[in-house]
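To start, the structure itself, in structure tokens.
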Amino acid sequence: MKARLIATGERAPSWVAQGFAEYQKRLSHWLPFELVEIEPGLRGKGRDPRRATEDEGKRVIAALPKNAYVVALDVPGRQLSSEQLAQRLEHWRGQGRDLAFLIGGPEGHSPEVSALADEKWSIGPLTLPHMLVRLVVAEQLYRAAAMLANHPYHRA
């Protein structure tokens, strides 16, 4: 089983890339994890944001691993505790399917992407920059894998 974070947006600043790389490295022996950055759709004066979201959605769908279990990060999604995420990860391991976690653009996911999602999650009620969400997802996946391995990283 492998996991892929598909994130729509600009290239991450160095502090995000460094943090993500650290968790990616830590996670690698439990769960191979990669980041795929999706170019954002064109926005601005005279441009239709729905068209930008549709364009992003096409690129996201093209980046999905075949037969992956898809989790879309979305404001109205379900919130999970770290312990619940560990339980989900254990369940997914039993299924053997690859995982895809999706971070949408400024207007969220296209209807086509939303329809493909097996689950929708929310990081929480706070509004976070999408770049920071990349780090949160990577850290929480590492925490969940560490919990399943009885590693002392999670001491709750």
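Glycine is no exception: its Cβ is also placed from the backbone N, Cα and C atoms.
According to Swiss-Prot, the feature S-adenosyl-L-methionine binding site maps to Leu73, Gly104, Ile123, Gly124, Pro125, Leu126, Thr127, Leu128, an assignment based on sequence analysis.
Features per Swiss-Prot, on structure.
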| residue | record | contacts (Cβ under 8 Å, 6+ apart) |
| --- | --- | --- |
| Leu73 | S-adenosyl-L-methionine binding site | Phe101, Leu102, Ile103, Gly104, Lys120, Trp121, Ser122, Ile123, Val133, Val137 |
| Gly124 | S-adenosyl-L-methionine binding site | Gln79 |
| Pro125 | S-adenosyl-L-methionine binding site | none |
| Leu126 | S-adenosyl-L-methionine binding site | none |
| Thr127 | S-adenosyl-L-methionine binding site | none |
| Leu128 | S-adenosyl-L-methionine binding site | Val136 |
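DSSP classifies Ile123 (S-adenosyl-L-methionine binding site) as coil under the three-state reduction.
Neighbour counts of Cβ atoms within 10 Å were compared for the binding-site residues Gly104, Ile123, and the top value is held by Gly104. According to DSSP, Leu73 (S-adenosyl-L-methionine binding site) is assigned to a strand segment.
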